[in-house]
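Record features, source TrEMBL:
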{"type": "BINDING", "residues": "12, 14, 173", "note": "Mg(2+) binding site"}
{"type": "ACT_SITE", "residues": "12", "note": "active site, nucleophile"}
Ligand SMILES: O=C(O)COP(=O)(O)O
Ligand SMILES: [Mg+2]
């Protein structure tokens, strides 16, 4: 197993640091109910998460259903209103995450969040969960014109942390994370416990290793 020098570790948020699916599902189903559409099971909403909020709303309206572009546009602020109301309410930190962040900081590594979630939800959620203090940079889905799987957010996080991409390590849960990291030249590990957008099994995704618990990140790093 390769051991990475990793001066910086970049973390995806939804499905990697935080189990946010209950709140995302409440936001989606609040929106669907208000629009007079049938609500969806949490398991289905799982597979819609990973490419940002606009994609989540689109998939929620069009999977085995029909919605016009105008209806999709109009639904976005409805979702945002419902999600803002519940963001963090039933969210939990995955086992091992806080200890991992503590250890990485104690080792002097710089940490960032790189998430497709919008800034308006990312920042209050990190604060609510008591995680803000760990991160020197937070790159959200609306920080740049592009989102994961494009590499720019990952490149931007490395620049903010003043670390060469090859000296960083990305931890994510979906193909969007692995594609973005690969294209940015950052090694990438995927957690087995996240949402894996599109329901793609993580074993089938090109990455540098799989983690059953965030603490296993430490096993992939060179000591310092
Ligand atoms: O908002 C999303 O779709 C997913 O966010 P993530 O990039 O933190 O997994
Ligand atoms: Mg994710």
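Glycine too: its Cβ is placed from the backbone N, Cα and C atoms.
Bear in mind that TrEMBL entries carry predicted annotations, made automatically and left uncurated.
Features recorded in TrEMBL, as mapped to the structure shown.
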residue: 12; record: Mg(2+) binding site; CB count, 10 Å: 29
residue: 14; record: Mg(2+) binding site; CB count, 10 Å: 28
residue: 173; record: Mg(2+) binding site; CB count, 10 Å: 27
Specify the secondary structure state of residue 14 (Mg(2+) binding site) as given by DSSP, simplified to three classes. strand
For the Mg(2+) site (12, 14, 173), what does the 8 A shell look like? I mean other same-chain residues with CB within 8 A of the CB centroid. 13, 15, 16, 17, 49, 50, 115, 172, 174, 177, 191, 194, 195
